[in-house]
Amino acid sequence: MAPTTDKKGLVLARIPGTSVPLAHTIFGASAFALAFIIGCYAHYYKIVKNGVAGYPDEWFPSVSAATGDWYPERNICQIFIALASGPRLILCYLWYLLTIRNIPAHGSKGFAKFLFTNDVVRTVACGGWVYITSSDDHDIHDIAMIVYLLCTVPHVIGTIKTAPQNPKSQSYRKLFAYTFFGALVPMVYFFIQHNVHRIPGAYTYYAFFEWSLIISDLAFDAVCMIDFETFEFRVVDVGMHGKHEGSVGHLKTYGGSEDVTIGNIKPFEVVSFVSDVYLGFVFWSMLTSLPLMIWYFPLWHMGISGYEAFLFCNVSAGLLGFNFLRRGIDRAKGFVHLLSMVGIFSYKIADPAQRLMAVAAGVSLSLMTWGATLFGQRHQNGRAERGVLTLALGLILHNVVKQAWWANNPIWPIMNENTGGQNMVGLVLGVLASVQVMLRKEPGSDEPQSIQKKSENWVLAAIGAGGYLFCLHSMFTDATTISRWSLGGYPNTGPQPVPGGLMVIAAMAMGLTLSSKRRWVTSLVWWAVGSAGLAVLHFYEGDVGFAGGIVFTVYALSLFPTLFRSLSRQPPGRTFLLAMLTYNVLALAHVWVVAYAFVPGGEVMRERTDYVLVAMQSCLLLGIFNSNSTAWAVISEARARSAFSAARLYTKISLVGLMIASISICYKRLPKSAPQPYHPEHKLITAGIWTIHFAIDNDMYNSEIRMRDAIRDLELDVIGLLESDLQRIIMGNRDLTQFLSEDLNMYADYGPGPTKHTWGCTMLSKFPIKRSTHHLLPSPKGELACAIHATLDVYGKEVDVIVSHNGQEEDLLDRQLQTTELGRIMRESDNPFLFLGYVVTQPGKGHEIYEMLMDGGHVHDIEVSDWDRWCQYLAFRGVKRTGYARVSHGGITDTEIQVGKYQLLEDHPTTWDRSQSIGDFRKEEKYTQIWENEVPEGMRFPSMFYGQGVRQHRFHVFDRPYYYA
């Protein structure tokens, strides 16, 4: 903050009195929370074990075990307790001042001194049992704990007796006091059950009540934030008295009528702001998870399943037209936010249909809460700006979190503790944020906006906001979507997720920063700039397309406050209803462009992403045209200007923090070493094909970790993954190649991107990718088939690989044309060749598609006697085949893994004679099998897949691998 003058000198800084209890609460809570989390992560079985029993009888650690027994949790707890000690002692002194200020109304000065002394002794006793653990000196530890508890009685009673008569703070204090003392009785009971009767499991219940004491204790003292709102610390340079009178007139003053500065930030407002940002993050998390979970059902039905109706749960926002409901939600928004956490908690529900219902309920409640909140703030510039900015920051936070989790959101209901999820952490934070909303005191009104109501049309506002919500969901709920839209083949792929995602997040931050320039961002010129960027992104690949995407990103985020505030100024019922219907229509069209073969009337939208983008931009044009005349309301009142500038200041600070987090994540994700094949000593190539059903397993959970484990254990150097394009609304805008390639240390070719309208095919390789081409195979009738033709640097020689996904059985012409094209690509290459594909045919002579592939491409089937195949096939040329195995899917999908082992040998022919007849070519391979003990160990398949296998993956069909001479 800028300096101001005081009677005694120059005021250098002012610190709100609420910062003392806030710092005490943060440091104290962090001490115990971090110790608990780290202890459970690092020493769970040790800290739940006691002198009577261990896990599973005892499964929850006590406070002393979590904070005092092991490094590093003990030391972290002690560090944060040390940090809390300063605010704690200042808190004791401030309460003494508050007490004597209220004399004679609420006590005597002598009692105030007694209470101050008691609180200091209590603080020292706390340090005694924290820093002297029971393992250091059991008696001293217990004495300190007893003194602490004894001092707590006068502390609680005295604080309540001497507190200002504020009904709100007093009710909270009494609640936490009753909770504290009420927990003592069952805690003592269970301690006796444990220590005297030695009953296994009793100490776990004792631990629950022990932790409740900590929570109640911290919460009791945190209530001081309400009582200290009128307190302020000042740092005054008394030596400067009278020297700045002539220069302070232009300086910004604390609590004045100009902009808010960093020195004026109020801690309680910061906590409220952060809570709202997190609730915004929860909203985007649930909104993006809903279509992803809906997709599970048509995926298994191979068509419309009926569960698609849950997409329309968002039309519940139309119920905000009922005044009593809207006002009730606005007044109890913290409680309704809390109810919406059912969408986060749903990860615990095993049944996919019931889990989807819970998420739909969460989305509906969260959407209505945000809608009611924004509508309730429509006439208050500062609060309205704050509301939409926290929602926008929640979106950017959503992108940063997904960046840290390789394009997955750790609180999605498709995640759990086995798939890298942090659902419980997300749920706890959501509950805390909701409770904070319930406990906060809403600020008074700032000045009404000077708006001509007739200048805006509710229909245009609804269409603009609905189209904008679709724009954000489809393109900006993952930082890598833009780079995948502009994706090309090697070597000109365009930016990869790292650092491409960082650039997108930076562009989002820049756009949100520019959003305050209302007149500019709602101009036709700015719309034309955004449209041009979108066109470049759609029509160009590589760096040029990505640059267009960055321009469109800045443009799109700059519209956030304008369009959503325009929406909130309209009649809520019909406006929100039309907005959600607009969003739903665009979302369905977005799906229809690729799923046209499985939906009614799909041919109309077949491969017409351009139609969707034109419709989206038209909606945005209507929205900004409608809001242009009211884009800038003059903020003349000091209170409104202060609230507006505070919202913008908090937003800028948040954006800086999010950018730092994104940079740190990208740095952590940078590759540390070049990929290496598993068995270079044998010049071995282990290659496989797997259809992975969009990385959603049979129980509707994310399958990337289990896929990683299978690929790693099979020691695959090259693998083709089919049905892998996840950069759509219905797949959650995910990207499985990020996690798999980085964790397995492999090169990745994503394959044709989302604008190519295929279901996707991806290739991972331990060998460098020299060049690659993405093919859209002829598909005049059915779904568009895709293929990757890549050239790898394998032990210094070029080897070509095709990964392909042909059409369905019903479309014979498509499969004929597609297989003919694959044969041409393989036939025209002089390099050794590996085919990894999904063909849809029976094997063997007499089957047209099979012969078109093998004979047309001049490649050998990996095992001609394997008659039990239909979709996936492996073929080769110019390498020595040494092994073949079929491995069960393990519940990850409905399709097995096929794996071939090949050697690239110096004396093996790596080219083929184009004049050679197909009959002579076939004679080159004898398919002579040998026993496993005749194969060098490094060239064998892992033995863990024999019998019952591992994680439900096992050798099946033959129940063993084949090896060849």
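Cβ atoms here come from the backbone N, Cα and C positions, even for glycine.
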Matching range for TrEMBL feature annotation, transmembrane segment, among 110-131, 352-373: 110-131
Selected stretch (most C-beta pairs under 8 A with the transmembrane segment (647-665)) from 277-298, 304-325, 458-476, 496-514, 521-540: 496-514
Contact between the transmembrane segment (458-476) and the transmembrane segment (576-599) (at least 3 Cβ pairs under 8 Å, separation 6+): yes
The transmembrane segment (175-192) versus listed stretches 204-224, 277-298, 304-325: most Cβ pairs under 8 Å: 204-224
Same-chain residues at least 6 beyond the ends of the transmembrane segment (304-325) whose Cβ lies under 8 Å from its Cβ atoms: 290-291, 294, 297-298, 353, 356-357, 360-361, 363-364, 367-368, 371-372, 375, 571-574, 576-577, 579-581, 583-584, 587-588, 598-600
